[in-house]
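Contents: one structure, followed by commentary.
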Amino acid sequence: MEKKAMRRADLITSVVLLIYSIGMFVMSVNLVLKTLSKGRMWYQSAGLFPTIVATFTFLCAISLMRTAFKDGADFSFLTMDNAKKLIKSKEFKVSFIIIGLLAMYIFILLPITWLRYEFSTFIFLFTFMIIFNKKDIKSIIKTIVICIIATGMLTYGFGQLAMIPLP
Amino acid sequence: MENLASFISAFIDLLSINVILLMLGSTALGVIIGALPGLTATMGIALLTGLTYNVPLEYTFTILMGVYVGGIYGGSISAILLNIPGTASAAATALDGHQLALQGKAETAIKVTRLASIIGTLIGVLALALLAPPLTKIALQFQSTEFFVLALFGVLICGSIAAEDLSIKGWIGGLIGLSIAFVKIDNIEGVARFTFGNPNLLSGISVIPAMIGFYAIPEVIKAFSNDDPLEVTEAKDISTEKVNVLMTVIKKFRVIVQSALIGLGLGALPGVGEDVAAWVSYDTAKKTSKEKEKYGKGSYEGAIAPEVGNNAAIGGATIPLLTLGVPGSPPAAVLLGALTLHGIRPGPMINIESPGFISQIAALILLAVVALWVVGVILAKPMTKILKVPKVYLMPIVAALSVIGSFAIGLSMFDLTMVFIFGVLGFFLSKMAYSPAPIVLGLILGGMIDETFRRSLIAHNGSFSSFFTRPIALIFLILIVLTIAKQIFDNRKQVKSKV
């Protein structure tokens, strides 16, 4: 990522980290207060070290934000036009598709109890490969063969050799 | 002498046909994993940890150590043939290795780096066999205070060194890792912490699925972000110049010893590992060389130094892993997970609870070195074809392997959710130049850092005096303060130079 875009991303990250660290700080201090209310010492509390980590995360976020501002980043890039440009970019589309495929595999295909692991995995692999591969007959046949072999190896390797119950 | 005898005895005990064949196979797999851009030794060990869950202990670590050693070397093959290092630890090798390939000396370059890797690993394994057992005796003197400052220093130094863009990002990564580690029932107070009522989080975030998420999934996504075809140089010599590989490497004895010591030292630093060892070895070799001007243009020294350094770091990283329970590198961090999974508790008590285990691991690494020599000869020429495997077929299989590899650890669908979440998070963080190494190290050491900190305070009734009165703790505390101070100073210098 080029430096200007990196610093803009850092600006957004620093805001997220600030919110995150404040949330963690509040929850950690609550834990410390609960410990004290039970008559125990502050250093026994489960919230002690998280409080320290939250504080340092906050400070690091401030430092990151300061560096981003000093390198010329500001919030003016947050416009609808830029958002549309990002969504239409190839990198975003590719990332979105792959994350979507993984989500489909993990949250839809694998949890279906009547669909065996072999079929879920074949569907995932085939869909993944066919989206990013050439669409001619030779490539499709090659993809099918590779998916069958790969699925077979994963099923045999984990299910039979390693004796792991497959999802 | 006793340690050496134990090491030799452990090596002889290993020489069964099953172990030898398994080591050859896993080292070959490691070389291929290391060579393929997008796959790393860390990923390979993480994915195979699940596969070896039901496998007997001796075979498990045969496989994992074979993949580790093979993987670290394998990165140099694609560095030479493609100018794309297969692993980050081979990035420095690409500078001179690929130049040698372009000069028609690809085969010689591969042979030279293989021999350098073998020598580096041998030095590392000797250090492990001889130094680790006495170190456990020193580590037995460690109390909570020492473990706290050591582990904290590890996360901090990992963050400082591994950061790709700003150092603060390395520290933020470490802090993110620490905060993920807090999610569970606290061992000291027995209260649920940051679980939000989810029963799946009561035992904490499983390390292996998180590591697979951070290391494997982002690579799968990034692989399809660019369409550039790979230009693979053939792994053969076109140049008519005859080079004696053995003499070429032996003549660089000074570079070998220097790089091995750097690799051992940096490998032993928690979380730092092979990548940094390779670069520092290369950089130091260049600065101390009488042929500085040849570096970057096809210098054999330039290819030897990083390979000796990164392979010596294998032994270096395994020393704190086994003696202190603090991994010296990302692959060692995954090995920590594997050790815990198989009931081995690394740390000062390892020689008491699992006698002879350190010698066994050292012997396995030595066997992996022998396997590397055999496998390296066999795979040298076919690697060109292997490197041409299209990512459109390889990466979806890696994704499927990541999913089943994570599931195999706890047989839990929740672990798959973790792989997905950390995979997506890891991808976005990597786009913003956050290295996964400090995040994962923070996750692994977070529990230990938190508990040892509070135990130290409990033992001293809330007093921080032990951090200043215990010598080893004080040394690490000073190192922590110096590391932070240096960073603040460097940042201010950078800001002033811009103004």
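Backbone N, Cα and C atoms are what each Cβ position is placed from, and that goes for glycine too.
Note that TrEMBL annotation is computational and uncurated.
Here TrEMBL flags B:20-441 as domain 'DUF112'.
Annotation source TrEMBL lists transmembrane segment at B:6-24 (among others).
For B:31-53 (among others), the entry in TrEMBL reads transmembrane segment.
Annotation source TrEMBL lists transmembrane segment at B:59-82 (among others). With a cut-off of 8 Å between Cβ atoms, the residues of this chain six or more beyond the transmembrane segment (B:59-82) that come close are 14, 18-19, 22-37, 40-42, 44-45, 48-49, 52, 88-91, 93-94, 97-98, 100-101, 106, 109-110, 113-114, 117, 121, 230-235, 274, 303, 307, 310-311, 313-314, 331, 335, 338, 342, 360-361, 364-365, 367-369, 371-372, 375-376, 380, 383-384, 387.
Among the features that TrEMBL reports, transmembrane segment is placed at B:115-135 (among others). Packing against the transmembrane segment (B:115-135) from elsewhere in the chain are residues 3-4, 6-7, 69, 72-73, 76, 245-246, 249, 256, 259-260, 263-264, 267, 303-304, 307-316, 318-319, 322-324, 351, 358-359, 361-363, 365-366, 368-369, 372-373: each is 6 or more residues past its ends and has a CB under 8 Å from a CB in it.
According to TrEMBL, the feature transmembrane segment maps to B:170-188 (among others).
Under the heading transmembrane segment, TrEMBL lists B:200-217 (among others).
What TrEMBL lists as transmembrane segment is B:255-273 (among others). Among residues of the same chain six or more beyond the transmembrane segment (B:255-273), those with a C-beta under 8 A of the stretch's C-beta atoms are 89, 116, 119-120, 123-124, 127, 150-151, 153-155, 157-158, 161-162, 249, 280-281, 284-285, 288-289, 301, 304-306, 308-320, 326-333, 437-438, 441, 445.
If you look up TrEMBL, you'll see B:357-380 (among others) marked as transmembrane segment.
Per TrEMBL, the feature transmembrane segment maps to B:392-414 (among others). Only residues 6 or more beyond the boundaries of the transmembrane segment (B:392-414), in the same chain, are considered here, and those with a CB under 8 A from a CB of the stretch are 36, 38-39, 43, 46-51, 53, 200, 206, 208-209, 212-213, 216-217, 219-220, 223-224, 341, 423.
What TrEMBL records for B:420-446 (among others) is transmembrane segment.
The transmembrane segment annotation in TrEMBL covers B:467-489 (among others). Long-range contacts of the transmembrane segment (B:467-489) within its own chain (CB-CB distance under 8 A, at least 6 residues past either end) are made by residues 142-143, 145-146, 148-150, 152-153, 156-157, 160, 167-168, 171, 456.
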Best-contacting stretch, by C-beta pairs under 8 Å, relative to the transmembrane segment (B:6-24) and drawn from B:31-53, B:170-188, B:357-380, B:420-446: B:357-380
Selection from B:170-188, B:200-217, B:357-380, B:420-446, the stretch that has most Cβ pairs under 8 A to the transmembrane segment (B:31-53): B:200-217
Within-chain partners of the transmembrane segment (B:420-446) [C-beta distance under 8 Å, separation at least 6 from its ends]: 151, 154-155, 158-159, 162-166, 169-182, 205, 207, 209-218, 221-222, 270-271, 273, 326-327, 330, 333, 336-337, 402
